[in-house]
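Chemist: According to TrEMBL, the protein has these features:
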- GLU145: active site, proton donor/acceptor (ACT_SITE)
- GLU79, HIS97, GLU145: Zn(2+) binding site (BINDING)
- 25-149: domain 'VOC' (DOMAIN)
- 155-283: domain 'VOC' (DOMAIN)
Amino acid sequence: MAEEAVKALEPNAELLEWPKKDKRRLLHAVYRVGDLERTIKFYTEGFGMKLLRHRDIPEEKYSNAFLGFGPEESNFVVELTYNYGVNSYDIGSGFGHFAIATEDVYKLVEKLRAIGGNIIREPGPVKGGTSVIAFVKDPDGYTFELIQRGPTPEPLCQVMLRVGDLDRSIKFYEKALGMKLLRKIDRPEQKYTLAMIGYDDEDKTTVLELTYNYGVTEYTKGNAYAQVAICTDDVYKSGEVVNVVIQELGGKITRQPGPIPGINTKITSFLDPDGWKTVLVDNEDFLKELHG
C-alpha cells in the first residue's frame, strides 16, 4: 500500500519541479480606471512612466493602455482598463499598493504634489529603520509606495496584496508558480507580517509583497484591481502544476489552458487561496502579440 502511494506521488513530484525550471517573470498588473487619459497623464508626468501601447476596442466597449519604465519585452508594466461609461470602482480592502523605486523620494513627492497628487504619507524613514519611503494615491485612489533606492532595472518594483494565511500563501506561490521567498518580516508592534516573493532579488525585478494582518482572514476584493500576468514556456504543463497545488492548498482554475479566440495567445488563469487572480501567458505568443 505504501509503495502504491509513493508511485502515485512520483509523477506529481516531477511535475512540481517544472515551475523552477521554467522561464518566468511578472509581465503586468491589470486594473480598472475611471478616466484613462487622466491616469496616463498622471503616470507619465508624475511617475515618469512611458506610454507603451494604447488600444480601443469599441465593439467590446473598452480601451486599455500599457505603461511602464521600460519595454514590455523586459519590464513589468501596468495595464489600465477603461470600460465605457464607468468612472469609478471599489478598490476593496484586500488590495494594498504598487511600489515605485526612485533615487530621490523627496523630489518625486514634490513633482507629484505639483500635479495634484494626494500624498498620504510624507517622505521620511520607516519607523525603526533607515529606508526612506512615502505614499501617494493616484486619481482613482490606488496607493503607490515610493521607495528610495539606488539605480534599478525595474523601478515598478512591488504589488502588495493582503492575505488571510501567510504561510499558506507563501507555499502556494512557491509550489504553483515557482517563486522564491526573498524575505519575511514580522512587526508584532504593528500587528502584521509580510513576505516578499518573486523570481529575483528585490532590486532587480518586480516582487509580490504579501501582507498578513494579525487575526484578519478575509478581505473584500472590490471590482477595481483584476490580476497579475506571468509568462511561461508551457501553459499546459504550468496549468497542470497549478491544478495539483490547488487540490492541496485551495484556489480555483478560472480558465483551462488554451488559446484565446481571435488572437491565439495561449493562457490559463486561476485564483489563489485568497481569491487573487493570476494569468499565465505563453512566452512566444506574448512576444508575437507585442510585435504583431
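Backbone N, Cα and C atoms are what each Cβ position is placed from, and that goes for glycine too.
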Chemist: Given a separation of at least six residues and a C-beta threshold under 8 Å, show me what packs close to GLU79 (Zn(2+) binding site) in the same chain.
Modeler: HIS28, ALA29, VAL30, TYR31, ASN64, ALA65, PHE66, ALA229
Chemist: Would you mind reading off the Cα separation of the residue listed as 'active site, proton donor/acceptor' from HIS97 (Zn(2+) binding site), to the nearest angstrom?
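Modeler: Pair distance, Cα basis, whole Å: 7 Å.
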Chemist: For a quick check of packing: other C-beta atoms within 10 Å of the C-beta of the residue listed as 'active site, proton donor/acceptor', how many?
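Modeler: Other Cβ atoms found within 10 Å: 20.
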Chemist: Taking the Cβ of HIS97 (Zn(2+) binding site) as centre, how many other Cβ atoms lie within 10 Å?
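Modeler: There are 18 of them.
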